[in-house]
Amino acid sequence: MENVRLTQYSHGAGCGCKISPQVLDTILRTQLAPFSDPNLLVGNESKDDAAVYDLGNGTAAISTTDFFMPIVDDPFDFGRIAATNAISDIYAMGGKPIMAIAILGWPVNVLAPEIAQQVIEGGRSVCREAGISLAGGHSIDAPEPIFGLAVTGIVDTDRVKRNNRAENGCKLYLTKPLGIGVLTTAEKQSKLADEHKGLARDWMCKLNIPGQDFANVEGVKAMTDVTGFGLMGHLSEICEGSQLKARVDFDSVPYLPGVFDYIAQGCVPGGTTRNFDSYGQKLGAMTEQQKALLCDPQTSGGLLIAVTPDAETEQQLQAIAARHNIELQAIGEMMPLDGDTLIEIC
């Protein structure tokens, strides 16, 4: 099979392909009266990670989909990353994935079908790691390669974790370092140092399985995954939904090695600017360096968790983190809303 650089066949990369929050708000406006279904526990009114439907037996179904264009050149790794990212929404709701189907767009007259087969194989390998079947899918002839999954999961109705239930005083935790967009941009610009090659890929392929365990902790009040809108975008959604503001300690935010050197070299993806243009007016003062990291679009990013500050909850949280080899420290806290600023950086 010929060597190809998949990223050269797409105009965007990973979750950086997302339509900006500002534009998306316009697209989703409707003149129609909302369809009322009492069993729909979570719809799109709160900008949550997935839809949740009450099955009436103490269990709810979770439904989500996610797909994008290549963020890496290797077809197998592209499939792995896209699948990991799609399954993450189930974990972010506190659920367990049970099945996935594939979504494939492929330029069949430009890229060989054997390359697409490797993309699917990468997705299949991650589904197996998550303990689910890749049970089917749909494909179209498309001008650019696109891959992702539609995923179904289940969760106890009293364990659903939403992004709009944070409480005043909650501590904020992030399970993966930031900088995915910066490092992948550095790689695309051939500026990535040898010691950093594969680092972003490995983090993007890390399943957010701990979300299932965090769902069992009563003190975990809100949870979401950090993807294309960056940490500030997804934290803004928590703040807006919970009618609170957040204070973030920048020095406590985890980040990938070398990220600030690459930012200084101009390795900032276009999605960072689009993100800031969409929600920058909600943020407090920050430096250009802080903006480049905190608004950096993540692909298959970590879980952002709002947790009550009591000792018992902290102990439970750290025990789960230890089981999953995660280092957790608080990066900020939720506070009463007292003006137009949703997030302060200190």
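The chain as shown is numbered from 1 upward.
The backbone N, Cα and C atoms fix where each Cβ goes, and this holds for glycine too.
Bear in mind that the values here come from a model prediction, so they are computed numbers and not experimental data.
Under the heading active site, Swiss-Prot lists C15, citing sequence analysis as support.
Secondary structure at G137 (ATP binding site), as computed by DSSP, is strand. The ATP binding site annotation in Swiss-Prot covers K18, S46, K47, D48, D66, D89, G137, H138, S139, and the record cites sequence analysis as its basis.
Neighbour list (D225 (Mg(2+) binding site), Cβ cut-off 8 Å, at least 6 residues apart, same chain): D49, S88, D89, Y91, A92, N208, G211, H234, G301, G302, L303, L304. Swiss-Prot lists D49, D89, D225 with the feature Mg(2+) binding site.
Annotation source Swiss-Prot lists site 'Important for catalytic activity' at K18, citing sequence analysis.
What surrounds the Mg(2+) site, by Cβ distance within 8 Å of the Cβ centroid and not counting D49, D89, D225, is the set D48, A50, T64, S88, I90, Y91, A92, M93, T224, T227 from the same chain.
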